[in-house]
Amino acid sequence: MGHLEHSIEWNVMKRYASSLDSSEDNITINEYDALLMEDNTIYIDLNAHLVILAYGLIMVVSLIGNLLVCKVAFSDRRCGHHHRTRTTTDLLIGSLAVSDLIMTIFNIPFNIARILLPHWPFGRFLCYGVPFVQTACVYVSTFTMTAIALHRWRTVSPNSYGNRLIHYSNRMLICIVWVFACVLAIPTVAFNTLKEANVNGERVIRCRVHYPVLQISMPLFLTIEIFLTQYVIPLLVTCALYTKIAQVVTKQGRLMTMQQSSSSNNHGQSSSLASIPISADEKRRRRHMEAKRRRIIMLALVVAVFAICWLP
């Protein structure tokens with residue numbers, strides 16, 4: 001954009017110089033200012049188009065992607081001849097996609113308006129509502145990742161629950177995630193207000209944050225609070241849960257190997273372990289363990305990407 005600004009100024013100067021050399025009356029200072037404002041308007045319009053194009057592409061991709069995730073997560077599917085119902089992981093990922101959809105709707109259009117408009121035309125309610133929804137959706141994303149880790153740990157842990165209790169507690173888990181997210185989002189918008197501002201000599205209404213004068217620095221306090229509750233604590237809990245999961249899965253794998261070795265000794269087989277016939281139940285158990293291991297690795301990679309991308 002710097003090259004474009006220099007080009008505009010050079011264009012205006014050339015037009016100004018050519019007007020001085022012409023046989024017509026010399027251009028006045030006011031006319032020179034008019035030429036400069038005309039080309040600056042072109043520059044501003046180009047910026048506006050680029051902003052709208054970039055945000056528009058992000059919004060389209062986000063809407064399509066998250067709607068597809070919601071369709072897959074919240075619909076019952078057939079797996080071969082079997083009817084596959086929604087799992088807890090499906091519900092949690094669907095909840096995450098819903099929060100991303102809400103974030104897209106309440107973030108991108110209003111960010112475009114903040115960049116392009118000198119005033120806030122949406123009223124007092126949305127001055128509070130928009131940042132509240134944005135902050136709450138970010139909390140939902142981080143807490144949902146922790147909830148997925150908690151569910152995976154509960155799945156592999158020896159203490160199992162009945163199916164009805166599991167389904168009920170999982171619904172409660174999703175509700176708790178959203179309630180906590182909304183509660184923690186309140187302090188970040190409690191100080192929002194509409195204030196008059198002077199923009200290019202014009203009095204306009206802006207949505208601003210106005211902190212009270214206290215002994216402690218409220219911006220610093222809120223920054224630390226958000227950093228801890230939105231990043232550090234969920235990340236530490238998630239990492240601890242996946243560490244526990246890895247320990248349980250490793251222990252289960254060792255037990256399976258020991259059982260297989262014990263079975264070979266009981267039958268008095270002198271051949272290698274690879275030649276021992278494996279029952280259908282054993283094959284199914286191994287496939288289940290391998291699929292579980294792959295899912296855990298994938299979710300752990302998601303957490304690692306989250307930790308890296310959200311580093312302050």
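Positions of Cβ are set from backbone N, Cα and C atoms, glycine also.
Any TrEMBL annotation is an automated prediction that lacks curation.
As recorded in TrEMBL, the features of this protein are as follows:
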- 46-70: transmembrane segment (TRANSMEM)
- 65-312: domain 'G-protein coupled receptors family 1 profile' (DOMAIN)
- 91-112: transmembrane segment (TRANSMEM)
- 132-151: transmembrane segment (TRANSMEM)
- 172-191: transmembrane segment (TRANSMEM)
- 220-242: transmembrane segment (TRANSMEM)
- 294-311: transmembrane segment (TRANSMEM)
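Within the chain, the transmembrane segment (91-112) has long-range Cβ neighbours (under 8 A, six or more residues past its boundaries) at 51-52, 55, 58-59, 62-63, 66-67, 69-70, 73-74, 122, 126, 129-130, 133-134, 137-138, 140-141, 144-145, 147-148, 151, 170-171, 173-174, 177-178. Contact between the transmembrane segment (220-242) and the transmembrane segment (132-151) is supported: at least 3 Cβ pairs lie under 8 Å, counting only residues 6 or more apart in sequence.
Between the transmembrane segment (294-311) and the transmembrane segment (46-70), fewer than three CB pairs separated by 6 or more residues in sequence fall under 8 Å, so the two stretches do not touch.
Within the model, the domain 'G-protein coupled receptors family 1 profile' (65-312) carries an average pLDDT of 79.
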